[in-house]
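The structure under discussion appears below in the form of C-alpha cells.
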Amino acid sequence: MLFSSSLSSSMRHRTLTSSPALWASIPCPRSELRLDLVLASGQSFRWREQSPAHWSGVLADQVWTLTQTEDQLYCTVYRGDKGQVGRPTLEELETLHKYFQLDVSLTQLYSHWASVDSHFQSVAQKFQGVRLLRQDPTECLFSFICSSNNNIARITGMVERLCQAFGPRLVQLDDVTYHGFPNLHALAGPEVETHLRKLGLGYRARYVCASAKAILEEQGGPAWLQQLRVASYEEAHKALCTLPGVGTKVADCICLMALDKPQAVPVDIHVWQIAHRDYGWQPKTSQTKGPSPLANKELGNFFRNLWGPYAGWAQAVLFSADLRQQNLSREPPAKRKKGSKKTEG
C-alpha cells in the first residue's frame, strides 16, 4: 500500500532554547552517550542533525528531537494530534532509555576493554560515549538488507525513500515529512519490488520483498523476529541467514543492534582492515583476503576472546573511530582544521 504524500499544515523542528517547556531529560553524561557518534555511525539510518546538536528522527512510530548537555539527554516528541502537545511522558522517556540501553554502564565496559587491549585504550580516549542502539527488529532487518555493497549516505537515502513510499505518514516539521517504518504486509505487497527498483534500491528490492514474504508466509509473521531475542546467538544468526538477502555480516548487524546479542561482531571491510592493521590478525581457517562467512566467524571469535561478552559494542567504538577518521581525511584541509576539535571526546 502506497501512502499519500499530501501534506497538512506543518509544525517546526524544536530546539531546547526555542521551546524549553516541551522538553524532558534523562541523566546521562557524555561518557555514556555521544549522540553525534552514535546516531551517524551506521547503526540507524533515520536520524538527521536538523539544527546544530539537535537530532530528529523516528522512534517507535513517533517523531523525536534529541540533544544533550554534559550530563543530561534531552528529548521532545511531536504528536500528530496538536491537542497532545506537551512534555514527553514517563512512558516515552522509558522508550528512549531502552533505545539507548542506558542500563548498561558504558564507563565500566570501556574500563574493561582498555584493561585488556592497549589499542582500544588509545582510541577510546577520543571516542567516549559510543554505545549500541536497541532497534526494532523489522526496521533493523530491512535497513541492513539495504546496506549490502553500500555506504551510509546511500543506505540512508534508500531507507528514507522506502519509508516515504510504504510507511505511515506521521508528521511534517518545516519542509520535512516523517514516516514510520513500513510493516511486513506493506513490504510484501504486489508491485513492491518494481516500485523499490524505481526508488533506486536495485537488486536489494527483490530481497526486501522476498524476505517480507518469507517471514509472513513461512515463519508466521513479525513475532518470529521478536522471538529471536530470546534465542541463542547461534540460533538467531542461523535463522536470519535463511532469509533472502541476509548473509553473515547482515545477520550479525541484526543480532547486535536489534536482538540483544552484544557478542555479535559484524565484519565488513572496515573491521577487516582494523583487525589486520591494528591487531596483526590473519585468518587461520581460510585463505581469503577479505570478509567471508568462515573468516568472519573466526575474526568474531578473536574479538570475543579479547573483549568478552560485549565484543560487538567494543567493535562499534573502533568502527566509529575509523569512520570518523576516514570522513576527516576526505575533507578539505581548511575545513578539517576548523572542525578538528569536534572529533575529540
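Each position is counted from 1, following the chain as shown.
Every residue gets a Cβ built from N, Cα and C, even glycine.
It should be emphasised that the depicted structure is a prediction, and the values quoted were computed from it without experimental measurement.
A 10 Å cutoff on Cβ-Cβ distances gives GLN287 (DNA binding site) a total of 9 other Cβ atoms nearby, all chains included. Taken residue by residue with DSSP, GLN287 (DNA binding site) is part of neither helix nor strand, so it is coil. Per Swiss-Prot, the feature DNA binding site maps to ASN149, ARG154, ARG204, HIS270, GLN287.
For LYS249 (active site, schiff-base intermediate with DNA), the number of other Cβ atoms no farther than 10 Å from its own Cβ, over all displayed protein chains, is 20. What Swiss-Prot lists as active site, schiff-base intermediate with DNA is LYS249.
Long-range neighbours of ASP268 (8-oxoguanine binding site) (same chain, six or more residues apart, CB within less than 8 Å of its CB): LYS249, PRO291. The annotation 8-oxoguanine binding site is assigned in Swiss-Prot to PRO266, ASP268, GLN315, PHE319 on the grounds of similarity to another entry.
A C-beta separation below 8 Å, combined with a sequence spacing of at least six in one chain, links PHE319 (8-oxoguanine binding site) to SER41, GLY42, HIS270, VAL271, ILE274. Here the C-alpha separation of ARG204 (DNA binding site) and PRO266 (8-oxoguanine binding site) works out to 19 Å. Considering only the binding-site residues ASN149, ARG154, GLN287, the residue whose Cα is spatially closest to the Cα of PRO266 (8-oxoguanine binding site) is ASN149.
Its Cβ placed at the centre, ARG204 (DNA binding site) has 23 other Cβ atoms within 10 Å.
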